[in-house]
Amino acid sequence: MPEGPLVRKFHHLVSPFVGQQVVKTGGSSKKLQPASLQCLWLQDTQVNGKKLFLRFDPDEEMGPPGSSPPPEPPQKEAQKEGAADPKQVGEPSGQKTPDGSSQSAELVPQGEDDSEYLERDAPAGDAGRWLRVSFGLFGSVWVNEFSRAKQANKRGDWRDPSPRLVLHCGGGGFLAFYNCQMSWSSSPVVTPTCDILSEKFHRGQALEALGQAQPVCYTLLDQRYFSGLGNIIKNEALYRAGIHPLSLGSVLSASRREVLVDHVVEFSTAWLQGKFQGRPQRTQVYQREQCPAGHQVMKEAFGPQDGLQRLTWWCPQCQPQLSEEPEQRQFS
């Protein structure tokens, strides 16, 4: 699943289409029925963590003043630099996907908190005007171009990826959404205090959450406190902070938790800026065999017993496990 920086890039790609009417639709989505969007007007787009929200209206009226918040500082600064490839963006340091973008091969949940949203074929009245887009493992947005196969799939076919949704707009351009789930909702779920890339990100709330008596690698992936944070950011922030992924938050000092939050924000912001400047975000431990110091990197799946196990990379020498911390086997 694309992490916060990449989804914000998707938001940037979609934004120029706001104010245009959808004149033609396409795509393979069966739950959404792409034809239900034809003749609607794209009036707004918002982003929160790993989710993208698009507002559609049946007429050309604009939304209420202030419905779309101004760009956040990291995004605004990055936009000034300009994007190297405005058509499509991918993940750093991963394997090649069927459409040629770079992604991790690990399993990830296909959408979070789906029960909060109603899936309908079309918006009804004032309700359901916001289309919520949750991207899958190889999720992407393309502008005025379709994704093409750059390698054969497992069956040996050179079949181009099929977009879930295609929106041709009155301005002459089109958007193609790949590997995503879409559902209608009455309003966007936007909580800036939890978004790691928002200027309103609540550090105090995040620090309090990190103090829980559970491995910090679990807490970092909790979107209630670190919206937009995924497995890449988790691994890189922990390595840069010198914290073992299974360290209990309750045994870490306040200063170490502060350092960890600093690295979460710094790495995420640098990744976002790199997206707009056409620079790949280099990782130091994620999917690496050695850390920058030349030590062997360990890899294992960690997660709650009743939750998803996520692949985790760490350096035992740079991120030592303290004696008062539990053994790894208790949490793997």
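Cβ from N, Cα, C; glycine included.
The active site, schiff-base intermediate with DNA annotation in Swiss-Prot covers Pro2.
Residues annotated as active site, proton donor in Swiss-Prot, with sequence analysis given as evidence: Glu3 (among others).
Mapped onto three states, the DSSP output places Lys50 (active site, proton donor) in coil. For Lys50 (among others), the entry in Swiss-Prot reads active site, proton donor, with the evidence type sequence analysis.
Just so you know, the Cβ of Arg310 (active site, proton donor) picks up 21 other Cβ atoms within 10 Å once every protein chain is counted. Feature annotation from Swiss-Prot assigns active site, proton donor to Arg310 (among others).
Swiss-Prot lists Asn231 with the feature DNA binding site. For Asn231 (DNA binding site), other Cβ atoms within 10 Å of its Cβ number 21.
For 74-84, the entry in Swiss-Prot reads compositional bias 'Basic and acidic residues'.
Here Swiss-Prot flags 94-105 as compositional bias 'Polar residues'.
Among the features that Swiss-Prot reports, N6-acetyllysine is placed at Lys50 (among others), with the record citing similarity to another entry.
Annotation source Swiss-Prot lists phosphoserine at Ser68.
Secondary structure at Lys154 (N6-acetyllysine), as computed by DSSP, is coil. Neighbour count (other Cβ atoms within 10 Å of the Cβ, all protein chains): 6 for Lys154 (N6-acetyllysine). Per Swiss-Prot, the feature N6-acetyllysine maps to Lys154 (among others); the stated evidence is similarity to another entry.
Under the heading region 'Disordered', Swiss-Prot lists 56-121.
Secondary structure of the zinc finger (284-320), assigned with DSSP and counted as helix (H, G, I), strand (E, B) and coil, comes to 0 helix, 12 strand, 25 coil. Sequence annotations record features per position, and here Swiss-Prot assigns zinc finger to 284-320 based on sequence analysis.
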**OP:** Check Asn231 (DNA binding site) against DSSP and tell me helix, strand or coil, would you?
**Re:** helix
**OP:** For Glu3 (active site, proton donor) and Arg310 (active site, proton donor), determine the Cα separation and express it in whole Å.
**Re:** 14
Original post:
Just the number: how many Å between the Cα atoms of Lys154 (N6-acetyllysine) and Arg310 (active site, proton donor)?
Top reply: 24
**OP:** Select the closest residue to Arg310 (active site, proton donor) from the following recorded positions, measuring between CA atoms: Pro2, Lys50, Asn231.
**Re:** Asn231
Subject >> Mean per-residue pLDDT computed across the zinc finger (284-320) >> reply: 96
Original post:
Relative to the Cβ position of Pro2 (active site, schiff-base intermediate with DNA), how many further Cβ atoms are located within 10 Å?
Top reply: 30
